[in-house]
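Residues or ranges marked as S-adenosyl-L-methionine binding site in Swiss-Prot (evidence: sequence analysis): Ser228, Lys235, Glu275, Ile276, Glu302, Asn303.
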Amino acid sequence: MISFLVQKSEAKYWKDVVQNKNKFLKNIGIISGPKLVDTYSNQFEADFLKKCVLIPTSYNKEDLPKDILDCPRIYLIEEEVKSVQTDEKLQIKVLRYVSQILHTTVSEEQYPVPSRFVIYPPLALLSLNSFGTKEWHLFFQSYANVDVKAGLFDIFAREWNVSHIAINEPIPVGDVMRRPLSLKPLYGDFGVLIDGNPSEQDFQKAFWVSCRQNGIYQTWAPLYTMFSRGNSIEKARVLNFSYIKDEIIADLYAGIGYFTFSYVKAGASTVFCWEINPWSVEALRRAALKNGWSIYVVRNGENYEFKVGTHRIVVFLESNVYAAERFSKMNISARHINLGMLPSSEKSWSTATSILKRESHSFIHVHENVKDEDIETYSSEVNSCFSKMLAKNTVCVTNCVKSFSPRVSHIVYDIETV
């Protein structure tokens, strides 16, 4: 299900648009205020959310009209939303349990349940401000007893049909490995946190979750790797790129395969990936095989001899600073290069230009966090920079993925050679 996050000033307009198409979910209704802030504070800044409302719709990504898909004033959020009735039933069960523990009457205002969340089977991932009232804080401080907390979260787990529950917190900006260092497990066995390079046994013992987006299976170990559901629209856009079929692609920040898999599904001959987090590489490997795509992992210092058609995905477990040397030895170049690193991918720009195919209609997709007032100006600067580095004429198309914080957006600049 797709929900529209829009400015309050445009709420009536977009609600009418959705209602006229019989896509508005009346049983859920428009969401705003503290509930909206509580649910999405791990994706957007609170000050930004206070100016917005969320309009729930019955749209799927596949049937979104192009005018909505391309509208820069809408932030599209993909999720499963529970019905209000389910929330009420769960709330009653939780209040009854807390009341029995405290031996007193309690209220929903004191002990609200997380009403919106994301499920990645078998994990329920809650927003940062879940259980944020002073009463909840005092309850967890006073009843640190494992049995009491387990009894409480048993109720949630049964209601949501999950075996694990955790609170999601933002990825530290300076962590280049993009690890969920602040993930807070609440319920279920997440395994022992491993420092250093993991072994095959460590991979086998770890807790893994999964989901499907655009028909593509993805998996990851939530203690060690992140998953960004906010990129689903950009992943869908990649599926429709021109000049992918039977081409060589480079993904210099592969992660668990966010964009890699879209290129493969779109018909790329081989996608060459770089990733420094071994847990992300293992996640990418597992999901590729589940999707039926051949994959080969190359560690730093190992040789790789490229043969056309051998593997759909080749992952180098090393820094992308070695990408130019690898491509030179293989005597190949890339038609599309994905630079999916935030807040900026600038450190890899030079590498990208060195491995790009020197023909018309070659592309570098540059991901950046940009202040809203600077988006167009920065587009010209990025295009000029790449044109100089490539010594070729280029054009730049600007694509807004989502709001990153107030007045800052995740932008993808498509640089194309002409």
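From the backbone N, Cα and C atoms, a Cβ is placed for every residue, glycine too.
Overlay of Swiss-Prot annotations on the structure.
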residue	record	CB count, 10 Å
Ser228	S-adenosyl-L-methionine binding site	19
Lys235	S-adenosyl-L-methionine binding site	21
Glu275	S-adenosyl-L-methionine binding site	28
Ile276	S-adenosyl-L-methionine binding site	17
Glu302	S-adenosyl-L-methionine binding site	10
Asn303	S-adenosyl-L-methionine binding site	7
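Reduced to three states, the DSSP call for Lys235 (S-adenosyl-L-methionine binding site) is helix. Ile276 (S-adenosyl-L-methionine binding site) falls within neither a helix nor a strand when secondary structure is assigned with DSSP, and so counts as coil. Spread of the S-adenosyl-L-methionine binding residues is 32 Å (greatest Cα-Cα distance among Ser228, Lys235, Glu275, Ile276, Glu302, Asn303).
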